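Okay, structure first, notes after.
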């Protein structure tokens with residue numbers, strides 16, 4: 001707009017009066033009407049892009065001597081403030097001495113400072129205003145509160161709240177709304193509730209502020225209660241209200257209330273085609289009512305990208321991956337273009353199927369249609385590639401990122417963990433720390449398992465200190481991850497200490513503690529914690545049951561396992577396929593193969609886990625034929641494809657009965673018939689198969705033929721075979737590898753020492769013992785359990801402190817005699833050095849350890 005156009009617009013209105021009156025003696029029309037009409041034009045120019053036109057209007061007013069009164073001057077000042085022209089604003093403010101005219105000029109400048117991000121200047125200008133004796137009004141405080149929130153100045157908010165209360169403005173809905181929103185931003189609920197109660201006239205806007213604040217703070221029950229009070233006060237909800245309450249219904253799965261709200265939306269006449277339709281779709285989807293969601297979707301006159309996204313994300317979050325992909329195809333067919341949110345929601349379904357080619361196709365679509373790769377889509381792509389085993393593609397995406405934040409770093413860390421690249425995962429975390437990005441909860445939960453796997457206890461303690469410093473130690477998910485990390489590092493005492501410190505223990509934390517105790521050779525502690533869990537009022541789930549059954553299997557304690565089995569039947573938990581599979585394992589390890597088979601036969605649903613459990617049970621009891629029959633039944637009749645665990649159990653079964661040919665045949669069948677690549681465990685099992693049969697050359701050739709470096713388990717298996725068959729030369733090769741791969745494992749030192757002792761190489765035995773002392777490796781004593789009259793008794797190898805130790809060893813000698821009659825030939829005790837050979841030790845003190853060695857290897 002030019003100055004000429006302004007003149008043309010107002011010339012007809014001024015012309016009749018110019019003839020009769022000089023401008024200096026203007027009429028009331030010129031004094032009041034013209035400035036007020038021009039003020040509308042000034043308001044229209046209150047935009048940074050229209051600053052030039054605003055200055056032209058100002059010039060027009062000056063040329064025609066229309067400006068000069070406080071009303072017009074304040075409007076001009078407001079225009080400059082809205083345009084962010086602080087130099088012109090300051091000139092007018094001080095030249096025309098608007099400092100004491102009214103509060104409006106001060107408010108204009110304060111709001112302009114806040115709007116343009118000059119937050120400290122806004123607060124400073126407020127205090128300058130107070131120095132000039134100008135009192136703030138209800139328009140002043142919302143801007144100041146907004147500035148304090150942006151500056152994260154919580155004390156400033158408290159100061160403003162006290163000032164508002166002292167001035168009696170806390171009952172004003174606009175001032176109260178700004179303060180309520182500020183306190184809720186910091187997660188405070190008590191103060192906003194008091195402020196809300198003091199407001200005299202509560203309208204829908206302030207109710208929406210309160211309800212959305214409750215939802216943001218996680219006080220979902222307060223949202224429902226507040227909405228009920230709002231309805232009783234006869235305040236009509238609007239679309240914002242319904243969106244908030246429907247989101248709470250979706251989060252808490254309150255489908256009945258959600259359906260009632262749907263009816264209320266229809267009755268109230270709120271625009272259904274707005275955001276409410278998406279909130280309703282999300283609510284029905286999250287509550288698992290996909291039929292209703294689909295009907296609602298089909299009834300819509302138009303479905304935009306957001307609406308399609310609601311349906312796709314609902315299917316994905318409910319685990320219905322195939323349906324989400326079908327809906328995506330339908331979206332493309334209908335001509336609606338997907339956006340970044342669409343693919344961020346869809347990619348987890350691609351990850352579920354681990355289809356790398358499909359992942360690449362989606363990536364190509366994103367690039368071809370120039371869809372913006374924001375942080376969330378980038379992390380979703382990285383996560384999808386990692387889960388589809390496309391590690392190099394994920395690395396390429398990360399390297400091409402212009403900017404990365406904690407979300408992308410977390411995707412990389414968890415992706416490396418998923419693919420077993422633990423060192424890379426740890427290096428990525430170190431990179432995150434190096435670039436001074438603070439890890440969030442998900443990052444910590446992702447990196448703690450890596451530290452546990454790598455046994456990096458020192459780093460784990462440092463990270464635990466960081467967690468305490470940041471106040472994350474009371475979060476259940478992080479607490480569980482810390483417990484898991486310490487347990488994997490062999491520090492169960494610290495794990496239990498962390499568990500005891502948790503202020504709130506949910507079912508996940510209890511399950512984590514039970515599982516770790518069961519896996520760390522402390523099954524009795526696992527059962528004790530399982531009992532404590534029940535006493536504390538936490539309901540058991542399938543994970544709790546499975547962990548406790550594993551502990552019973554490791555003790556073994558068949559009586560307690562039977563009690564848990566009865567509990568499962570009574571509380572309808574016996575239909576869970578994973579719990580039943582653990583039950584099979586428990587009965588088998590307790591020696592009751594018949595009960596294990598009965599559980600398997602009565603299972604309504606059988607998956608690969610349950611078949612593997614029963615195959616392993618038969619194999620461990622030396623029933624290879626039964627294992628093979630079950631294998632063929634699984635493949636041919638049930639149509640279930642065997643996995644890596646299946647073949648591991650079959651080869652292990654062959655190992656138990658010494659059927660080398662059958663074991664080798666199944667090992668080859670893995671790759672040739674099923675395309676399954678053998679892992680370290682399979683090679684270790686084949687080495688053990690050859691080793692037990694005395695075919696050490698073939699065992700060593702198997703190790704050398706491995707397509708990847710053998711781990712400590714493989715070399716340890718070979719070393720055990722060398723000790724058994726007195727092959728010192730090959731034992732030297734295996735021991736040198738073990739010293740590099742796992743120098744802290746005492747079991748390998750014992751194997752090496754026994755191999756040398758077999759060959760009467762006492763000097764080498766002494767060296768091994770000295771090496772153990774030098775590296776501070778403590779020999780872990782052997783333990784055994786026996787259950788008598790529903791009570792489990794623990795025995796320690798070589799223990800003479802028990803008051804009835806002489807009677808115990810006498811009984812062991814009697815049992816040894818019975819074993820000899822059955823054909824068992826015990827391995828005589830081999831001393832760690834020649835001087836010890838002069839001492840006499842009862843063989844029975846070492847029977848338990850020697851009998852456990854083959855299973856341990």
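Glycine residues also receive a Cβ, built from the backbone N, Cα and C atoms like all the rest.
Check Swiss-Prot against the ranges 790-820, 821-851 and you find region 'Type E(+) motif' recorded for 790-820. If one looks beyond the repeat 'PPR 14' (541-575) by at least 6 residues along the same chain, the residues whose Cβ comes under 8 Å of a Cβ in the stretch are 507, 510-511, 514-515, 517-519, 521, 523-524, 526-527, 530, 533, 582-583, 585-592, 604-605, 785, 787, 790, 792. Confidence over the repeat 'PPR 4' (203-237), given as mean pLDDT on the 0 to 100 scale, stands at 87. Here the repeat 'PPR 10' (405-439) has Cβ contacts under 8 Å with residues 375-376, 378-380, 382-383, 385-387, 389, 391, 394, 398, 446-447, 449-451, 453-454, 456, 459, 470 of the same chain, all six or more residues outside its ends.
Within the same chain, residues 476-477, 479-480, 483-484, 487-488, 490, 492, 495-496, 499, 547-548, 550-552, 554-555, 557, 560, 567, 571, 573, 783, 792, 794 sit at least 6 positions outside the repeat 'PPR 13' (506-540) and bring their C-beta atoms closer than 8 Å to a C-beta of that stretch.
Break the repeat 'PPR 2' (137-171) down by DSSP state and the numbers are 25 helix, 0 strand, 10 coil. Counting residue by residue with DSSP, the repeat 'PPR 3' (172-202) contains 22 helix, 0 strand, 9 coil.
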